[in-house]
């Protein structure tokens, strides 16, 4: 769990996302509160529940991007899911408890990665010895092994092909369901896992070059040094105390006014979400998981429905409301120039791989922003995503001919931009064909 202060979290988000100060503050405080809770004594820690967040704002203003960046910062089990993927319990499809099961798998992956780093040195040596066995045989003299070890570490043998024995996974094995426990839940049992445990794991030979063999063997040797049961227990503890779930597109499961009758992927899903967000115990194949202290961040554009169309109980379980503002022309210019991996920097770097030096002038950036604003206002406002469309249109010819123009310098100015997009942006009928 990261111990960044709210100010540090906001400044980290500022590097990638323009504006939306309120949303950044809300998620920063929520993330810091996870750390604060861990500092309390056991009795009080149980009582402190997370304040779940509902982010409301039009499409393309940064809701999903905030979640993506937060996942990297959190250092905790983090899962982003779309609410539209789920159906009510009892119907064909995924039920919402699958969210917790997926979160546990994420947690296990995180903990395993951390444990592998702890045993990296021992595993590295064991993997190196197995590669040497494949190269010179287990019975080779120490002098021969040392000579080959030096060459191996120098990278001289990277392209040499060797045959190694690796653990055979159960990917090709059939799955079967326990009656009454559908496959979307924990009832899908992998026969490969069961047989592997019963017979101590199977291995199969693989022919790969030395460079590819080392990572495969490193992971295998690291796993031998790790207590797998301890990983699962630690992961469940991490998920229960630090887990974060980002529920995107929650507006799509809101009931709409004037609709009648059951809707298994709308109100039914909301009803199923209630106990999950409030706090319940979910059965997983690794054991029961409590959701009382998992932080839920829900987001939606609410174009057609309103937040008040959600079930009142669900609204009550999302106490912190944050509204994100629509982006302006000035925001578009900042997105193109100030963010760490801006679209302009990406385009210049991509053209650089072809040997083309691309220069996009300041007035070109402003012209791209103008075109995006104009098309958004004439057709459909899809926020910052429109910038990708405009840039692709501007650089379309160059992207196609770049391999033939290696060594050239191409300057894109405002006139160049307008000549490519102005007609389409001005004509509302035609601009409907800009996706």
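Along the chain as shown, residues are numbered 1 onward.
The backbone N, Cα and C atoms fix where each Cβ goes, and this holds for glycine too.
Quantities reported herein were computed from a predicted structural model and do not represent experimental measurements.
Binding of ATP is attributed by Swiss-Prot to 18, 60, 61, 62, 63, 64, 65, 313, 385, and the same site annotation extends, among 133, 234, 248, to 248. For residue 18 (ATP binding site), the number of other Cβ atoms no farther than 10 Å from its own Cβ, over all displayed protein chains, is 22. In the structure as shown, the Cβ atom of residue 61 (ATP binding site) sits within 10 Å of 26 other Cβ atoms. Within 10 Å of the C-beta of residue 65 (ATP binding site) there are 17 other C-beta atoms, taking all protein chains into account.
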